[in-house]
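Pulled from TrEMBL, these are the features on record:
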| type | residues | note |
| --- | --- | --- |
| SIGNAL | 1-21 | signal peptide |
| DOMAIN | 20-179 | domain 'Peptidase metallopeptidase' |
| BINDING | Asp73, Asp103 | Ca(2+) 2 binding site |
| BINDING | Asp82, Gly83 | Ca(2+) 3 binding site |
| BINDING | His128, His132, His139, Met147 | Zn(2+) binding site |
| ACT_SITE | Glu129 | active site |
Amino acid sequence: MVMKLMVLIFVFGIIFSAATGYRWKKNPVTFSVQNYTSTLSSNQIRDGVTQAFNIWSRVIPLDFKECCGSNADILLSFKPLDGTLVGWTNYKWNGDGAFYHADTYFNNRNSWGLKDPRKTDIIAVAVHEIGHALGLTGHSGDSNSVMNSWIKWTDGNGNYRYPQLSSSDISNIQNLYGRR
Ligand SMILES: [Zn+2]
């Protein structure tokens, strides 16, 4: 039941965001990591998440500030998620379409790493989930997009590949927020 409700919220997010450009209308947007997972230190997780926010903030005029504990705008945490999901994000908005809260979850059934090709990469998954938390709702068919449903952090040789926004990612997020 909880899962169905979350799916429903996500579907409404897709409809409204596509129609009206629902997004954050405040600056800076605050974030906080609420709990951790055993395979990384808390500093490594905060470092990976901060790098993921920076990847987006380089191309849009939106700043992200780590603060405020459980009162932050975007709360990130680890919990068990179903099936093959590595992450999950939902968000809430008010009558003006301004986002006022988002929750991002990382699946703590995975073994998480920081720039380790053999583990689930916190930066790559956080970039994808933060994209949702900023209002990019659906998944991209562009295989180079960080919003592709298949999140990649290795190259063809199995080496770690740092996440990079595709040209479609940049134009999609700038359609919501403008350019930095
Ligand atoms: Zn997604």
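Backbone N, Cα and C atoms are what each Cβ position is placed from, and that goes for glycine too.
TrEMBL labels come from automatic prediction, so no person has curated them.
A map of TrEMBL features onto the structure.
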residue : record                : Cβ contacts under 8 Å, 6 or more apart
Asp73   : Ca(2+) 2 binding site : Trp24, Lys26, Val29, Thr30, Phe31, Phe99, Tyr100, His101, Ala102
Gly83   : Ca(2+) 3 binding site : none
Asp103  : Ca(2+) 2 binding site : Ile74, Leu75, Leu76, Ser77, Thr89, Asn90, Tyr91
His128  : Zn(2+) binding site   : Gly87, Val146, Met147, Ile151
Glu129  : active site           : Leu76, Gly87, Trp88, Thr89, Thr104, Phe106
His132  : Zn(2+) binding site   : Thr89, Tyr91, Thr104, Met147
His139  : Zn(2+) binding site   : Met147, Asn148, Ser149
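Listed in chain order, the residues near the Zn(2+) site other than His128, His132, His139, Met147 are Glu129, Gly131, Leu136, Gly138, Ser140, Ser145, Val146, Asn148, Ser149, each with its Cβ within 8 Å of the site Cβ centroid. All protein chains shown were included, and the count of other CB atoms within 10 Å of the CB of Met147 (Zn(2+) binding site) stands at 22. Counting every protein chain shown, the number of other Cβ atoms lying within 10 Å of the Cβ of Asp82 (Ca(2+) 3 binding site) is 9.
In three-state terms derived from DSSP, the residue listed as 'active site' belongs to a helical segment.
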